[in-house]
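In what follows, a single structure is set out as structure tokens and then discussed.
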Amino acid sequence: MPRPAPEASGPSRSGTVALIGRPNVGKSTLLNAALQQPLSIVSKTPQTTRDALLGVVHHGSAELALLDTPGLHRPRTQLGRVMNEAARDAARRADVVVFVTDVSPRPVKRKEDGTPIEPRSLLPHPGDLVLLSDLAPDRPVLLVVNKVDVLRDKRHLLPLLEAYGKVRNFDAVVPVSAQREDGITLVLDEIARFLPEGPFRYGVDDVTDKPARYFAAEYVREQILRATQDEVPHAAAVSIDRYTEPRAPGQAVQIDATIHVERQGQKRILIGTAGAMMKRIGIAARERIEELVGGKVVLRLWVAVTPDWRESLPRLEELGYGRARGGATDAAEYMIVAERDAEADEADGEADDEGDEDLDAEGEEDEDLDEEDLDDDDEGKLDEDEEK
Ligand SMILES: Nc1nc2c(ncn2[C@@H]2O[C@H](COP(=O)(O)OP(=O)(O)OP(=O)(O)O)[C@@H](O)[C@H]2O)c(=O)[nH]1
């Protein structure tokens with residue numbers, strides 16, 4: 001159900017708002033809830049978001065330019081460093097910073113015999129303490145504590161909020177469930193209070209500044225994240241080789257895209273037996289892109305092995321990380337066509353049943369990360385080469 005917009009009152013306010021936090025805490029889900037549309041891709045795999053994504057929300061007399069950002073983490077690749085820098089850059093540019101965390105239970109410290117040193121309680125995440133120690137000292141910072149729906153005993157919430165309050169004097173603290181869209185209006189109200197007075201910079205119907213081809217690549221990647229596990233989601237990138245608008249009404253948008261992976265084994269997994277995995281990914285991605293563009297799409301997917309693309313700055317540039325997404329590719333080796341025709345529609349039905357499976361509902365963390373979340377084992381430091 002659409003959220004009722006508050007009455008516009010007082011002078012207009014407008015500004016940039018960075019959603020910052022560790023991977024997987026729900027920043028993209030929060031952006032989507034604020035926009036009331038699933039613009040940003042969401043998955044249970046940490047480090048889903050790879051670059052800053054703008055979503056514009058008009059809320060009463062305020063215009064909020066919300067920037068979803070990659071989760072800040074301990075980087076092990078150039079890609080990780082570029083992602084962290086995108087998040088830090090957004091925080092530097094923002095008028096207001098929204099620091100997002102979640103209430104996932106943390107492991108407790110134990111004695112040698114295994115007995116817990118302290119009762120199992122919710123504590124601020126150690127990674128958050130690192131990130132908050134130098135976050136935007138000179139501008140409003142709001143704390144959003146997400147995923148409160150997972151708390152069976154809501155009495156744990158207040159001590160947790162109090163504990164975060166001791167870490168930093170937040171300008172506002174709002175517990176939410178972004179997934180259930182609970183508390184979102186309050187978050188927007190609080191942000192609006194801290195925005196500078198000024199005219200709106202976007203049209204009332206503007207949602208983002210990225211072109212449809214950017215989302216075409218992201219929605220293919222989203223399906224890869226949902227369909228694969230272990231190292232494949234982290235090793236996959238998508239480039240758009242061709243994006244052609246329809247020449248006449250009723251015709252389809254034509255998209256050619258290449259999925260880059262780093263090794264032959266990952267390519268085999270992605271293709272699947274007789275191309276089944278690729279077909280499933282292609283169909284689901286095409287449907288998502290069709291919703292975005294509001295018309296028919298023909299999507300052709302290739303898979304290419306592009307060794308060590310995550311370590312190569314020129315490759316990252318080509319793939320659009322660290323700047324506006326674009327980029328043609330070379331050496332495509334495999335093609336699957338997922339296009340809307342009678343045969344494909346038939347296949348859609350079958351793929352849908354599988355696709356409806358909500359992988360996100362598992363709420364599990366991916367153990368096979370090749371880049372680390374800032375977790376309890378961290379010594380409270382990012383990599384030496386990573387300026388904070
Ligand atoms: N239970 C519950 N799960 C949530 C909530 N919000 C997000 N999630 C889930 O948490 C996971 C991560 O959500 P994202 O929105 O992708 O998190 P993110 O912070 O953008 O992640 P990165 O891209 O890694 O930075 C997904 O499986 C979401 O469905 C919530 O309010 N409650």
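Placed from the backbone N, Cα and C atoms, the Cβ positions cover glycine too.
Of the candidate ranges 21-28, 109-116, TrEMBL annotates residues 21-28 with the feature region 'G1'. A sphere of 10 angstroms centred on the C-beta of GLY21 (GTP binding site) encloses 29 other C-beta atoms.
Within the set of binding-site residues THR69, LEU72, VAL148, no residue has a CB atom less than 6 Å from any atom of ligand 1. With the fewest other C-beta atoms within 10 Å around its C-beta, VAL148 stands out among the binding-site residues LEU72, VAL148. Ranking the binding-site residues ASN24, THR69 by C-beta neighbours within 10 Å puts THR69 at the top. DSSP classifies VAL148 (GTP binding site) as helix under the three-state reduction.
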